[in-house]
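In TrEMBL this protein carries:
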| type | residues | note |
| --- | --- | --- |
| TRANSMEM | 26-48 | transmembrane segment |
| DOMAIN | 41-288 | domain 'G-protein coupled receptors family 1 profile' |
| TRANSMEM | 60-78 | transmembrane segment |
| TRANSMEM | 98-120 | transmembrane segment |
| TRANSMEM | 140-164 | transmembrane segment |
| TRANSMEM | 192-216 | transmembrane segment |
| TRANSMEM | 237-261 | transmembrane segment |
Amino acid sequence: MAWRNHSTITEFVLLGLSDNPHIETLLFVFFLGIYILTVTGNLMMLLVIRTDSRLHTPMYFFLSNLSFLDLCFSSVTVPKLLKDLLSEKKTISVEGCLTQVFFVFITAGTEAFLLSVMAYDRYAAICHPLLYGQVMSSQFCVKLVLISWCLASFNSVVILLLALNLDFCEAQTIQHYTCELPSLFPLSCSDISINIDILICSILLHGLGTFLPIFFSYARIVSTILSISSTSGRSKAFSTCSSHLIAVTLFFGSGLIRYLMPTSGSSLDMLSSLQYSAVTPLLNPLIYSLKNQEVKAAVRRTLGKILHYLR
């Protein structure tokens with residue numbers, strides 16, 4: 001059994017974001033605020049899309065799934081971070097650490113696939129508007145989401161098997177605030193060269209497999225938008241894509257930096273992880289609501305219904 005490799009130690013010690021109690025208190029308040037806003041914003045998006053019939057379209061179906069993923073993704077790491085900021089000793093069991101590794105990959109991986117699917121949706125809407133309803137049927141949209149979860153789950157199982165095969169002997173301190181596979185490699189007393197190669201191949205396949213469809217979709221989208229003679233038409237077409245482009249840049253930029261750059265235990269490692277695991281889930285609902293007139297109108301209608309019901 002793979003678990004026997006971990007018999008020499010039972011827990012890891014997390015370095016955390018700071019060892020200064022006063023700074024930790026400020027960080028706790030800061031990240032608690034981020035987490036509350038993340039949960040509130042994404043739940044609001046789910047509620048608005050669910051209750052407003054005007055938003056029952058493929059684009060908002062994918063957006064509701066993105067909000068659900070952001071809730072899950074943030075909840076994998078931030079609650080543990082908040083707990084550790086109030087604790088003198090920041091520990092996590094080996095089993096808990098590997099569980100966190102698995103769920104980080106499955107939520108982040110599914111989000112990467114979903115962002116790719118959303119790019120295809122925008123391509124179909126802008127480049128083939130007359131066929132859009134036929135191509136992006138409800139059944140097809142559900143299949144795309146399920147395929148995203150299945151592919152990310154398969155990749156996460158591969159990553160978990162890599163982690164299970166690591167031998168941990170004496171070193172226990174993870175130079176990070178959370179459990180991520182690149183941070184576990186320096187603690188292993190076994191040969192990790194093959195593990196690193198497999199991880200890099202997995203990340204490249206996953207990253208290119210999701211980023212290239214986004215790139216080619218937007219290449220066709222830009223070409224189509226530039227061919228539109230009306231300035232207002234070009235502006236309207238681009239506005240439907242700008243929110244998604246911002247989300248893609250934030251997510252892929254920080255994720256690739258974290259997993260393709262050598263782990264150094266520096267502040268850059270932690271900042272890139274915080275970017276995609278805590279900040280991006282907060283920003284996504286803001287980006288899509290502030291830059292989308294339909295969502296803003298739906299939010300106002302939903303809040304109006306809630307206030308009317310409370311009265």
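The backbone N, Cα and C atoms fix where each Cβ goes, and this holds for glycine too.
Contact counts against the transmembrane segment (98-120), taken as Cβ pairs under 8 Å, peak for 140-164 among the stretches 26-48, 60-78, 140-164, 192-216. Note on the transmembrane segment (192-216): residues 109, 112-113, 115-116, 119-120, 155, 158-159, 162, 165-166, 181-182, 185, 248, 252, 255-256, 259-260 of its chain, located 6 or more positions outside it, place their CB under 8 angstroms from a CB of the stretch.
Long-range contacts of the transmembrane segment (26-48) within the same chain: residues 17-18, 55, 63-64, 67-68, 70-71, 74, 78-79, 81-82, 85-86, 278-279, 281-282, 284-286, 288-289, 295, 298-299, 302, each at least 6 residues beyond the stretch ends and with a Cβ under 8 Å from a Cβ of the stretch. Mean model confidence of the domain 'G-protein coupled receptors family 1 profile' (41-288) amounts to 84 (pLDDT, 0 to 100 scale).
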